[in-house]
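Student: Okay, handing you the structure first.
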Amino acid sequence: MKKHNYSAGPCILPQEVFKEAAQGILDYQDSGLSIMEISHRSAAFVDVMEEARNLSLELLGLQNKGYKALFLQSGASMQFLMTAYNLLNKKAAYLNTGTWSSKAIKEAKLFGEVIEVASSKKKNFNYIPKNYQIPSDVDYFHCTSNNTIFGTQIKDFPQVDAPVVCDMSSDIFSRELDFSKFDLIYAGAQKNMGPAGTTLVVIKEDILGKVEREIPSMLNYKVHLEKDSMFNTPAVYAVYVSLLTLRWIKNNGGIAAMEKRNNEKANLLYKEIDRNPLFKGFAEVEDRSAMNATFNITDESKKEAFDKLWKDAGINGLNGHRSVGGYRASMYNALDIESVKVLVETMQQLEQQS
Ligand code: PLP
């Protein structure tokens, strides 16, 4: 039975990528060796790393614009502190839109003054705050483009004089933006890019070198840049599969085509959430995420029947995060519209049963 994988991350990846990745595990480029058992200093792996870094910049439209890409380890959570370690001299501005922003704020406070310019916490993060002021003298402004848990997404980014740092872990490569408005973008691989284990960091180089503190080598972006993302042994397999996924994005029309597909999927599901009296969306309509749709059932007595319907239909990973409850449908790049149609059908079947 075909599975429809709505997991929030790790999550669905393109099936074509798995086939190629399996080949790379067994016998990389007819070398008789696995990609996992060759040196990261070998020409074969250096090529993988270089192509992954270049292709990331190419897809984001950031080639030849002063940006460099890194594939680091320790997840996006490490970037919460690494960004502050490298950029926070005196004070920084943060927009608090959910669990991940809150965690980034907690880490940044270890390094200097943090100004929370706005927060949607009082409404359990069901919207994106707007019309807030960002002081002109901050070292940088930090935001989270997509809130994986609460299902909200920033549609309009503020105009900021200071450098802009953005956690794009759950919507990187999913929609077109003017990425040159951002000075540092980070994203854990395990949503739209590949397996857990590596984190893409895209940096405009001229924002570095402005803090007074000493930075340990492993946490210093400059050190990683000087070594072309090979300061220590990179997560070779995760970078390799990320490269295959980046190629898949490019071969399937790039970010523009991903965005079109993602909007079609999201429109289909949100239309049913709004039409069907048995369901109610969690996030404010204008801030709804195209990646993670959060919704609740309006009649709890029907929950058991709905859970059976979607599980019987081959749907996986639909339960909401504990801080929101209800359901969360994560519709990353690799999810087909057919899977969304199956989910919508189960929602309609529940209505017909009632
Ligand atoms: N930021 C966002 C938006 C996320 O969705 C996640 C994880 O789901 C993280 C950060 C943390 O990522 P990691 O587990 O790679 O540290």
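Every residue, even glycine, has its Cβ placed from backbone N, Cα and C.
Remember, TrEMBL labels are computer predictions, not curated facts.
Annotated domain 'Aminotransferase class V' per TrEMBL: 5-343, in sequence order. Annotated L-glutamate binding site per TrEMBL: ARG41, in sequence order. TrEMBL lists ALA76, SER77, TRP100, THR148, ASP167, GLN190, ASN232, THR233 with the feature pyridoxal 5'-phosphate binding site. Annotated N6-(pyridoxal phosphate)lysine per TrEMBL: LYS191, in sequence order.
What's the neighbourhood like for each of these?
Tutor: Around the Cβ of ARG41 (L-glutamate binding site), 9 further Cβ atoms fall within 10 Å across all displayed protein chains.
Using a 10 Å Cβ-Cβ cutoff, ASP167 (pyridoxal 5'-phosphate binding site) registers 29 neighbours.
Note on LYS191 (N6-(pyridoxal phosphate)lysine): other Cβ atoms within 10 Å of its Cβ, all shown chains, come to 31.
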Student: Would you count the other C-beta atoms found within 10 angstroms of the C-beta of GLN190 (pyridoxal 5'-phosphate binding site) for me?
Tutor: 25
Student: What are the sequence-distant neighbours of THR233 (pyridoxal 5'-phosphate binding site), meaning same chain, six or more residues apart, C-beta distance under 8 angstroms?
Tutor: HIS40
Student: Which ones in the same chain are close to SER77 (pyridoxal 5'-phosphate binding site), with CB under 8 Å and 6+ residues apart in sequence?
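Tutor: Once residues fewer than 6 apart are set aside, SER77 (pyridoxal 5'-phosphate binding site) is near LYS103.
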Student: Given ASP167 (pyridoxal 5'-phosphate binding site) and LYS191 (N6-(pyridoxal phosphate)lysine), what distance in Å do their CA atoms have, once rounded to a whole number?
Tutor: 13
Student: Near ligand 1, meaning Cβ under 6 Å from any of its atoms: which of the recorded positions ARG41, TRP100, THR148, LYS191, ASN232, THR233 fit that description?
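Tutor: From ARG41, TRP100, THR148, LYS191, ASN232, THR233, counting a Cβ under 6 Å from ligand 1 as near, the near ones are TRP100, THR148.
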